[in-house]
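Chemist: Checked TrEMBL, it gives:
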- 12-32: transmembrane segment (TRANSMEM)
- 14-407: domain 'Major facilitator superfamily (MFS) profile' (DOMAIN)
- 83-101: transmembrane segment (TRANSMEM)
- 107-127: transmembrane segment (TRANSMEM)
- 139-160: transmembrane segment (TRANSMEM)
- 172-194: transmembrane segment (TRANSMEM)
- 215-238: transmembrane segment (TRANSMEM)
- 250-272: transmembrane segment (TRANSMEM)
- 284-306: transmembrane segment (TRANSMEM)
- 318-340: transmembrane segment (TRANSMEM)
- 352-371: transmembrane segment (TRANSMEM)
- 383-402: transmembrane segment (TRANSMEM)
Amino acid sequence: MTPKPPGPPDGGWGWVVAAAAFAVNGLSYGLLRSLGLALPDLAEHFDRSTQDTAWVSALALAVQQAASPVGSALSTRWGARPVVMVGGVLTSLGFVFSAFARSLLHLYLGLGVLAGSGWALVFAPALGTLSRYFSRRRVLAVGLALTGNGASSLLLAPTLQLLLDTFGWRGALLLLGAITLHLAPCGALLRPLVLPGDAPAPPRGPLAALGLDLFARRAFLVFALGTALVGGGYFVPYVHLAPHALDRGLGGYGAALVVAVAAVGDAGARLISGWLADQGWVPLSRLLAVFGALTGLGLLAVGLVPLVGSREGCGGPLLAAAGAYGLSAGSYAPLVFGVLPGLVGVGGVVQATGLVMMLMSLGGLLGPPLSGFLRDETGDFTASFLTCGSFILSGSFIYMGLPGALPSCRPASQPATPPPERGELLPAPQVALLSPGGPQPTLDTAC
């Protein structure tokens, strides 16, 4: 029998890891998106403004994304399993501590710093471990895990509202602490996997542990710059799509329908995009640039939608634009993480995932405040969505500098199965071919 070549198993226990990453995504980003339902109760209890209480969720998101490289570094040193389990415990303790808060400062420390730090330890190691378990179906597995965000939002939002109505915000936060403790068993499912190309010893020094040496690679540097620009506009609809719908003349239920249409399109497109990318018909870097550009165009369309005639109107143009944006943004999301093994190799994918989260946090912290500033200056969100859409288009244009993003004059020969330690997008050696006219070998190169 022919021995199975070493590399990612591309299935098997990898689907268990995918289910664990699905739950991790749902209990991190899904819960973060639903946490805004508790902010009005917090503002009323502490007699503070909406802006003051909004910093609770904003700080949690900022800490979660900015500290993701730390989670990746710890995972590289001690493995993803203990790091994710510790992160789950920290997140749970953050919610429990916040349930006994006496001031907003306690909430900033509990939910913002402690729970945010716990989330930083769970997402990047889980998603990086998932990428190591798959090769040919990697993007599909990542897309499946990322749908945990939307699925959890649909489930946790009404659940959280029920808890608030029944037990108040203190009881709701206490019960959320019990729910987020399930991140610990999710981490226990992340079985370590040794692959060819893994470093024989953990990296030494803080720069190497954080993966900052990856910026010395031209392809990753191009990807990092494009991703930071895309992040400047990608998160704006999370915050301002519903207010924009209200400004366009829709009522409360109409605005909620716009958000729901975008969310459903986003969740469905993640699976379709993952399946399409794994077919190998189009290079991942080219798909990344195309769907990134479509996301930017979708935001431009959302910003240019005209006013609705009455508050009872259905807002058909805005629904169509929001649906197009959701489909494009959902298609883009799994490609961002699915392309990483091809850029840095499987051995560096965990560190690269943490760096991507940090880069998107830089843009994410800029985009919503800039959008709000433009809304205050102009009176509506048109300039906000046009500017943020331009950010995404600029980042997608930079993606065109990635290997394989632009079509070549003729296809270059690639090995049937690229070595997992190299990655699909890393430069492959030129293949010697025999010319038809004689035995002299010729090099098969791309233009």
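Backbone N, Cα and C define each Cβ position, glycine as well.
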Chemist: Select the range from 83-101, 139-160, 250-272, 284-306, 383-402 that forms the most Cβ-Cβ pairs under 8 Å with the transmembrane segment (12-32).
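Modeler: Counting Cβ pairs under 8 Å, the winner is 139-160.
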Chemist: Rank 107-127, 139-160, 172-194, 284-306, 383-402 by Cβ pairs under 8 Å to the transmembrane segment (83-101) and hand me the top one.
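Modeler: The stretch with the most contacts is 107-127.
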Chemist: So if I exclude everything within five residues of the ends of the transmembrane segment (250-272), which remaining residues of that chain have a CB under 8 angstroms from its CBs? That is, six or more out.
Modeler: 140, 143-144, 146-147, 149-151, 153-154, 237, 241-243, 308, 311-315, 318-319, 322-331, 333-334
Chemist: Is it the case that the transmembrane segment (215-238) and the transmembrane segment (383-402) have 3 or more CB pairs under 8 Å, with pairs at least 6 apart in sequence?
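Modeler: Taking Cβ pairs at least 6 residues apart, the transmembrane segment (383-402) and the transmembrane segment (215-238) are in contact, with 3 or more under 8 Å.
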Chemist: Do we see three or more Cβ pairs under 8 Å linking the transmembrane segment (352-371) and the transmembrane segment (139-160), pairs being at least 6 apart in sequence?
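Modeler: Taking Cβ pairs at least 6 residues apart, the transmembrane segment (139-160) and the transmembrane segment (352-371) are not in contact, as fewer than 3 fall under 8 Å.
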Chemist: Taking 107-127, 139-160, 284-306, 318-340, 383-402 as candidates, which has the most Cβ pairs under 8 Å with the transmembrane segment (172-194)?
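Modeler: Against the transmembrane segment (172-194), the leading stretch is 107-127.
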Chemist: Which one of these stretches, 107-127, 139-160, 318-340, 383-402, has the most C-beta pairs shorter than 8 Å to the transmembrane segment (284-306)?
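Modeler: Looking at each of 107-127, 139-160, 318-340, 383-402 in turn, the most contacts to the transmembrane segment (284-306) are made by 383-402.
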